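J.: As annotated by TrEMBL, transmembrane segment applies to 56-73, 85-102, 147-165, 177-195, 201-219, 231-253.
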Amino acid sequence: HSSVKAEEAAGTAPFHLDLWFYFTLQNWVLDFGRPIAMLVFPLEWFPLNKPSVGDYFHMAYNIITPFLLLKLIERSPRTLPRSMIYVSIITFIMGASIHLVGDSVNHRLLFSGYQHHLSVRENPIMKNLKPETLIDSFELLYYYDEYLGHSMWYIPFFLILFMYFSGCFTPAKAKSSMPGAALLLVVPSGLYYWYLVTEGQIFILFIFTFFAMLALVLHQKRKRLFLDSNGLFLFYSFALTLLLVALWVAWLWNDPVLRKKYPGVIYVPEPWAFYTLHVSSRH
């Protein structure tokens with residue numbers, strides 16, 4: 001999708017304030033607010049052997065997000081490959097649903113003393129578990145939650161955003177600007193993507209997508225095509241995310257406990273691991 005046809009680029013779409021606002025709002029409420037709601041609502045209302053309020057948030061997210069993505073694609077001034085969009089949406093829903101189950105159990109384990117800043121086998125509640133083969137089952141659950149679920153959720157998510165972004169170009173440089181409402185949404189949007197990248201442990205996927213967007217912008221600039229307001233909003237949101245991730249990593253660079261949990265070359269601690277280590281442990 002590296003090129004935009006002239007006749008398609010001429011039809012510049014206005015800024016989709018309604019869709020971007022709903023998209024940002026539901027991301028904050030249903031995704032970021034999901035684990036918070038699980039801790040705030042009384043445990044008596046949602047017993048440990050039943051879905052939590054966060055699970056219902058996740059179910060709503062799994063329905064609303066693909067719907068908003070499809071509406072966003074519908075408003076693209078460029079004709080995008082429908083088959084790839086449909087496969088991406090289906091994979092997104094399947095991955096988010098896998099994550100729903102794994103994340104539900106993992107967060108419910110917090111009430112039993114599970115510590116997110118430690119690996120599964122290093123958790124105190126796992127060390128005395130009998131038979132020991134049960135630990136393998138919890139590691140499998142963690143794999144579904146943190147690896148398979150995240151991959152099938154986030155790869156198609158960023159792919160859809162990139163495909164939409166590839167159609168956000170206009171030959172009119174005067175239209176390459178954002179309205180005031182878009183500027184106001186950049187901060188909450190970029191802040192949410194910071195949470196998504198750090199908690200989802202998808203920095204490599206994010207940075208690859210961002211540099212692909214940057215390369216596309218430079219490529220289209222040679223053809224005298226410029227980002228429209230929707231493309232600028234997405235690009236600036238991701239740029240702000242990159243800055244926030246860099247500040248987050250720099251702040252926790254010398255944390256010995258988190259360093260042990262994230263020993264790889266890419267060191268991006270999860271906010272919930274930081275919370276269980278430095279915030280909840282104090283209470």
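Here the Cβ of each residue, glycine as well, is placed from N, Cα and C on the backbone.
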J.: When each of 56-73, 147-165, 201-219, 231-253 is checked against the transmembrane segment (85-102) for Cβ pairs under 8 Å, which one has the most?
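T.: Answer is 147-165, with the largest number of Cβ pairs below 8 Å.
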J.: Is the transmembrane segment (56-73) packed against any residues at least 6 beyond its ends, judged by a Cβ distance under 8 Å, and which are they?
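T.: Sequence-remote neighbours of the transmembrane segment (56-73) are 16, 19, 22-23, 26-27, 29-31, 33-34, 37, 80, 85, 89, 92-93, 96-97, 99-100, 103-104, 157, 160, 163-164.
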